Amino acid sequence: MKAKGRILLLTSCLFLLLLLLAKIHLRNHQEEELPLSDWFDPRRRLDVITTTDWLAPVIWEGTFDRKVLEKYYHKQNITMGLTVFAVSSFNGQYLDPFLQSASKFFMPGYRVIFYIMVDKSLKLPEMGHNPLQSFQVLVVSQERQWSDFDLMRMTVLSKHIREHIRFEVDFLFVMSVNMVFQNVFGVETLSTSVAQLHAWWYFRKTTHLPYERRPTSAAYIPFGLGDFYYAGAIIGGVPFQVLDFTHQYLKSVILDIENGVNSTYEKYLNKYFFLNKPTKLLSPEYSWDQTFNIPQQVHYVKVAHYPTDDL
């Protein structure tokens, strides 16, 4: 564990250097963002929460003007990234519908790089040619220590963001493979740090949210605190912001291991966003669990989230 601690310290120092170099980029990016009032009107959806206490927009159908956003972002000449992990049996059963639907509905009209993380060689499904889309199939080494899928996912993701993704895209989303796009997932979702509201817990009282309540865990959030419960199926933002999350997640996991406790990926995610407020929240429309009845607040399901045995 001492060796792990030294490695973690060295990694942290290198990562902090990267973050310092990224500060100017992030500051400039935020200054160039289109003013919220130009494209976002929270008054059009009085039936739901549309603005957080820290004034971040919550994106629901009807609150945004995509035409205004399209006009702005097309001038920026931006590239989007979408990362998905498809290992073991997920390769064919879940990846095909994910990619087929994403190629149609994810950021249409923009350059998109799909980063597909697999544990063996993969033949992509046949899809219509789109000159704006490219695919990178990245093989994850099969190592025995990857007993924890999320630990593997964040370790590999962090490595690829540092080595090349941060140079290739302006915005990056990471999504679960057991999802199918049903409507446009467009530029209304872009921001420095993007969090996805949990489809089930959004409609529950905050006192019942399943945060980590053990003080010994790095994911701990005390009773009476917390904003929303965020889903682990989608996270996004500028590459350095996603990289920051992977770093904090890995740091928290190692700390918990050293203290003899463990928590879940989603609870670490919620602790991160509790301390580092997202600049944009996606409504449950962007990751709707198909096992739930659709409430009247959900006008259009953008992405359907399926249990892993339903596809």
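Cβ coordinates are placed from backbone N, Cα and C, and glycine is handled just like the others.
Per Swiss-Prot, topological domain 'Cytoplasmic' is recorded for 1-5, and the stated evidence type is sequence analysis.
Annotation comment: Swiss-Prot describes 6-26 as transmembrane segment, evidence class sequence analysis.
Here Swiss-Prot flags 27-311 as topological domain 'Lumenal'.
Taken from Swiss-Prot, the feature N-linked glycosylation site applies to Asn77, supported by sequence analysis. Close to Asn77 (N-linked glycosylation site) in the fold, though at least 6 residues off in sequence, lies no residue with a CB less than 8 Å from its CB.
Sequence annotations record features per position, and here Swiss-Prot assigns substrate binding site to Phe85, Ala86, Val87, Ser88, Ser89, Phe90, Ser176, Val177, Asn178, His198, Ala199, Trp200, Trp201. The secondary structure of Ser176 (substrate binding site), as reduced to three states from DSSP, is coil rather than helix or strand. For Ser176 (substrate binding site), applying a Cβ distance below 8 Å and a minimum sequence separation of six or more within one chain yields Val84, Gly232, Ala233, Ile234, His305.
Summarising the annotation, Swiss-Prot assigns active site, nucleophile to Glu266 and lists similarity to another entry as the type of evidence. Secondary structure at Glu266 (active site, nucleophile), taken from DSSP and collapsed to helix, strand or coil, is helix.
Annotation for Ala199 (substrate binding site): same-chain Cβ neighbours under 8 Å, separated by at least 6 residues, are Ala231, Pro284, Ser287, Trp288, Asp289, Phe292, His305. Cβ neighbours within 10 Å of Trp201 (substrate binding site), excluding its own Cβ and spanning all shown chains: 18.
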